Structure formats: C-alpha cells, structure tokens
C-alpha cells in the first residue's frame, strides 16, 4: 500500500500556451492498496467511482508498461484540488495513479518515464510536468516523447488564486479558440514566453507585467468568465504584478511581489460580482511525494 501526494498546477502562465506550468501548494492525496480482486473507492463521488477514474486508468497504464496484470485495487482519495477550475485536477489524478502503481511495484520507472505514460493519457504535458516534478516547468512533445526544462521562481513572487463558484470544462474553453491565428500573434506569444522565464527567475516585476500578456487564448476565454474584467481591475488596483487565467479557467491567478497584497485584496473582494474564494498558493517545489 502506498500514499501519493500530488500538487495542483496552473498551466499556460499567459503567453506559454500549452507549454508552461507551475506547481502550487494545494494537494490531492491518494492511497493505493492492491487486493486480490475488485475495485473499491473511498472519498470518491459515485459518478467517478468506476474504471474510468483517471487514477485507475493511469494505474493500469503503468502496469501494462511493466508487463503486469491489473489486480484488484482499493483507492482512497482526499481531493482538495477543485474540479474543472483550471487547477490541474485531471493531471493530478493521472500523475498520482501512475506514481502509485510504480511505487507499489518497486519504483522501476523514473519520473521522466512516468511523465511519458501520463502524457499518453492526458495528451499534453503542461500540467503533468509540474505535477510530477514540482516548480516551474516548460514542456513540449516530439514523437510521443515529452521534453521538459525546469526553472525557478523568484522568492519575492507570490501566487493568489481567485476561484469562482462555477465550473468551466476544458472542452468548452477550447471550443472558443480560433482555428487559425495571425503570424504576428504567434510571434507576440513566443517572444514573451522566452523573456518571461528569465524575468520570473529574476523577479523582474516590470518585465513580468508585460511578458505575461497573451493573444492566443485569454482574449477568447475571458468572455466565458463573468466578472473577469472586474477581478482584473481589482487585482491591479491592489498592486498585483500580473493577472492571468489559470489553465483554461475559470480560476484567475494574481502574481504579486507585495507581502500585503493578499490583505489588500481580501478587504475588497466582496466588491466583485458573484462569489469568489481567495486562496494564497505558495509554489510547490517537490511535485509528487510517495510514502
């Protein structure tokens, strides 16, 4: 029996569409116990207590890679990462299931190999890579192999999530994106992504505020989130360095360098239309932890 803790993640970080991801200190904890037969769940809503549960799917995938049959499984989940909020809940389950299967059989696979198995399920590594490795990660896939580069985030920078009381499916968020984009918009994002990574490492607030802008996804997705404009204005009025969608949304992230930012934001949050939860989220630097 093994227990796996896996962090939430935020993907894209403005211009790094389907490329950048950051692990955050909000966790799902899953326990995997192999039994002779059957599939048993604890802490799982009935709709997700099936073989289609992503943690079960990735558990099976790792065993298949190892050439092992799928045994019975007892799976307990404590899920603190909200579903369909742009905080990597699907990637967390996939990563945890893969790590659980690997650990239950002597951990023969490296984290890089686990990422490859998980990417075959998820289809993109931008959330999976930081969930597995922790920290700030850039990634791409070539010939079904994920490639990653890890970066640091300056200690002065803080993330604060604004989580609304409604969900937004990734499918819907993808559906509003254009099929083609102007060449200039692609250059706009690529150039900013390259500069952004160094600015995040150096804590260069002025550069970050400009480099985190985007033309490929946020202008279209923000229309799906009631209160986006008001939340953005409030965050900037409180002194945030940058404001951006977490993944496909609807969670919004504020990046700040002011130790008093959270206090300022909390005192004015009730002015926003709708219901929003403010959640300071330190960066997770460890990724998956198995015990």
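The backbone N, Cα and C atoms fix where each Cβ goes, and this holds for glycine too.
Bear in mind that TrEMBL entries carry predicted annotations, made automatically and left uncurated.
In the predicted model, the domain 'GHMP kinase N-terminal' (53-135) has a mean pLDDT of 97. The domain 'GHMP kinase N-terminal' annotation in TrEMBL covers 53-135.
TrEMBL lists 82, 83, 84, 85, 86, 87, 88, 89, 90, 91, 92 with the feature ATP binding site. For residue 90 (ATP binding site), the same-chain residues 6+ apart in sequence whose C-beta sits under 8 angstroms from its C-beta are 54, 122, 127, 170.
What TrEMBL lists as domain 'GHMP kinase C-terminal' is 197-270. Secondary structure of the domain 'GHMP kinase C-terminal' (197-270), assigned with DSSP and counted as helix (H, G, I), strand (E, B) and coil, comes to 40 helix, 9 strand, 25 coil.
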Query raised in the report: When a 10 Å sphere is centred on the Cβ of residue 82 (ATP binding site), how many other Cβ atoms does it contain?
Result: 19
Query raised in the report: Can you tell which of the binding-site residues (84, 92) has the fewest other C-beta atoms within 10 angstroms of its C-beta?
Result: 84
Report summary line: Residues sitting within 8 A of the centre of the 82, 83, 84, 85, 86, 87, 88, 89, 90, 91, 92 CB atoms (ATP site), not counting those, run 8, 81, 247
Report task. Return the residues near residue 88 (ATP binding site), defined as same-chain residues 6+ apart in sequence whose C-beta is under 8 angstroms from its C-beta, sorted by sequence, else 'none'. Result -> 8, 9, 10, 11, 21, 81, 127, 130, 131, 247
